[in-house]
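**Q** Handing you this structure, nothing more for now.
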Amino acid sequence: MLIKMLTKVFGSRNDRTLRRMRKVVNIINGMEPAMEKLSDDELKAKTAEFRARLEKGEVLENLIPEAFAVVREASKRVFGMRHFDVQLLGGMVLNDRCIAEMRTGEGKTLTATLPAYLNALTGKGVHVVTVNDYLAQRDAENNRPLFEFLGMSVGINMSGLPAPAKREAYAADITYGTNNEYGFDYLRDNMAFSPEERVQRKLHYALVDEVDSILIDEARTPLIISGPAEDSSEMYRKVNKIIPHLIRQEKEDSDTFTGEGHFSVDEKARQVNLTERGLVLIEELLVQEGIMEEGESLYSPTNIMLMHHVTAALRAHALFTRDVDYIVKDGEVIIVDEHTGRTMQGRRWSDGLHQAVEAKEGVEIQNENQTLASITFQNYFRLYEKLAGMTGTADTEAFEFSSIYKLDTVVVPTNRPMIRKDMADLVYMTEAEKIQAIIEDIKTRTAAGQPVLVGTISIEKSEVVSRELTKAGIKHNVLNAKFHASEADIVAQAGYPAAVTIATNMAGRGTDIMLGGSWQAEVAALENPTAEQIEKIKADWQVRHDAVLAAGGLHIIGTERHESRRIDNQLRGRAGRQGDAGSSRFYLSMEDALMRIFASDRVSGMMRKLGMKPGEAIEHPWVTKAIANAQRKVESRNFDIRKQLLEYDDVANDQRRAIYTQRNELLDVSDVSETINSIREDVFKATIDAHIPPQSLEEMWDIEGLQERLKNDFDLELPIKEWLDKEPELHEETLRERILQSAVETYQRKEEVVGAEMMRHFEKGVMLQTLDSLWKEHLAAMDYLRQGIHLRGYAQKDPKQEYKRESFSMFAAMLESLKYEVISTLSKVQVRMPEEVEAMEQQRREEAERLAQMQQLSHQSDDEAAAEDLAAQTGERKVGRNDPCPCGSGKKYKQCHGRLS
């Protein structure tokens, strides 16, 4: 109550921010007459003037009024479009490192030109980030004439562009591209083998369109560049045959309940758990199929990979549904984005899940991949000096933007008042009753000439509604991932009188639905339209537009509540743009996923008390409130998952930054011999210490072991035993110096054969390659550690602290391995002639390029299955990385359980 009173007196933080910015808008408006008097050349010259002022030390913020006035005037001359005052406000919000919430149809694309121009004046580059290539290309081409008029260059960063074209795109003042491509380029730059191979500049200012989609919906999706791992497709096929024999039971076994089934599914956590009966049956079936030896347990360390296959297959069958989570097209399993309903070509689930789904669907199983480099969007976008974003729906996620990205959200008012009617939800007992009610509503609306947009949450649901509409004889268009190509055409004509369009979630985001249809699309369909034809099309459109407005504007029907209120608001936001009339309503049933998982018992009880009859709907504030609470529960759960993911990724991020900084320093120098000499001293000291403990008695020295180690690991045959026999007075210090000196002399003799320049080149290559190889193995080991770390909670330890502690030890061990392997490789190298070395170098580069091409955006599950706890017992012999694994698999230790330790 007190907060409400204070807000009334002083205004909210949002009101105060807008009040401050409106003063600047008045200054910009005051400059308009002076700008109108300038000639084109004088207006263009302003860019050079601003840049000169910045070079002399003027602050960018001081240029806002003048720079915005220049862009507004240029837009009037180039496009015939004048920025509204609210768009100027939006531009200032975006320059202030904030999120601007601007409703659909308020002209976000034009608003973005203001801060993009202002920040490009610094010459450090501006990255405009969109959700797909189509929008990046569209926005870049639409705004190019304006920026080029003002003397700014525009680049488009598309996937598949060759490196020189990418470098050119990044060198432009303003670059348009997708979030994936910017992230991948960052990772690829950090896998480059020469400074010339890098394409990005320093990350300066990112302006993110549909910021909620990229920074929140995509936050759990790490970008992963991967290379091929071992082929285990046959194992996926074998395990897949076993799963149909298992029976699902409703809940997990406990002290009070023992079911008859073999596995239970936790829909909320998206986990599958085997019961005792299930484990026994699985083991029997695996033995029958000859996959596992009789008498073995699925949980024994030797079967850890088999357990991984079983878990992946179970999840593929129990949690992932065709036409909801993925579609099968041209013999390929393609993921469907749960937030937008779009297909995500080229993305694959990780942890063998994608292969398990391929086995389930009987399509070709593609090889598993090994991570070479990865980063989450959360950590990538936090690398920018300055970050801002815009969307139609950010207010519900304001807390997350603030706590994770340190970005405040400012709600920018609409240019015209919003008059859309949002009606209360209608709740039915069954799905069938709900669908019937939707059909009746559509009939009523279309009879009056009102266009209808039906939003569904999956392809499967959109096809159910489509079938019912076909039965009822209602003509309609379906917009889902299967009909991706015709998306823009369908959206353009969704505002026709009595048009019915079914859309999965919000496929088609970024394109406005014009009431009466799009006259621009009709003009574009003609080859060489005459002025008369264009006038006639416009006149016809005006008649249709007025008819649709009179009928009540676009009507939105939601067939189900989404987990997030934000996605529901996006659907509603398709109607009522720019002050147009419109209406919206959600139809729900007790069989909907959200209601079943989160709100079923309370709401079902409420509905029974109110005496529900079949076909009857309930429309009550209590029910709407219960649903909103359910959504809040899911949102806060998802926020916790994302926050936890970030806390864990922050540990990896610190290590990533250290490795990439080190790598870039290596790339930028041509001579690393000083580093090599320093490392050699450390490595030889540690090697000798292992066999001759410092300040120890001669009886404790293991001379034979030292000789063998020097020969095997450093190709150095030294008669140490003879030296000691011949020279009884040989001290430990002198012996150490002699061994190191011998190593240095042997290395120098090799250098004399190939020449210093070639040796420096080779040293750098070995360091980079070894660093990449060990970093790749370290990423896999961190993955395993992350998956099983939650089990430490049972020992009353904080999993996050344990993860930090262990990952730091692993990182330190990796750096020691790096030193050792670099010196070992350089010592053992066979000297060849310069031409041969150059040929091998070329071959290595080609291999590196091939791996970099095999990029893959992986969907990391939020609920990674826990790995077996294989903590090494203290006191056991330390196994060498290249020794056979003690588990008996026949693999090298580093490729088997060494990845887990």
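Cβ coordinates are placed from backbone N, Cα and C, and glycine is handled just like the others.
So Swiss-Prot lists these for the protein:
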- GLN87, GLY105, GLU106, GLY107, LYS108, THR109, ASP512: ATP binding site (BINDING)
- 852-901: region 'Disordered' (REGION)
- CYS885, CYS887, CYS896, HIS897: Zn(2+) binding site (BINDING)
- 891-901: compositional bias 'Basic residues' (COMPBIAS)
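How about a rundown of where these features are and what they're close to?
**A** For the recorded site, GLU106 (ATP binding site), the DSSP three-state label reads coil. Note on GLU106 (ATP binding site): other Cβ atoms within 10 Å of its Cβ, all shown chains, come to 23.
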**Q** Radius 10 Å, atoms counted are CB only; among the binding-site residues GLN87, THR109, which position scores highest?
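**A** Buried the deepest by this measure is GLN87.
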**Q** Within 10 Å of each Cβ, count the other Cβ atoms and name the one among the binding-site residues GLY105, GLY107 with the highest count.
**A** GLY105
**Q** When the number of other CB atoms within 10 A of each residue's CB is tallied over all shown chains, which of the binding-site residues LYS108, ASP512 has the maximum?
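**A** Answer returned by the neighbour count: LYS108.
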**Q** For the ATP site given as GLN87, GLY105, GLU106, GLY107, LYS108, THR109, ASP512, which other residues of the same chain have their Cβ within 8 Å of the site's Cβ centre?
**A** MET102, THR104, LEU110, THR111
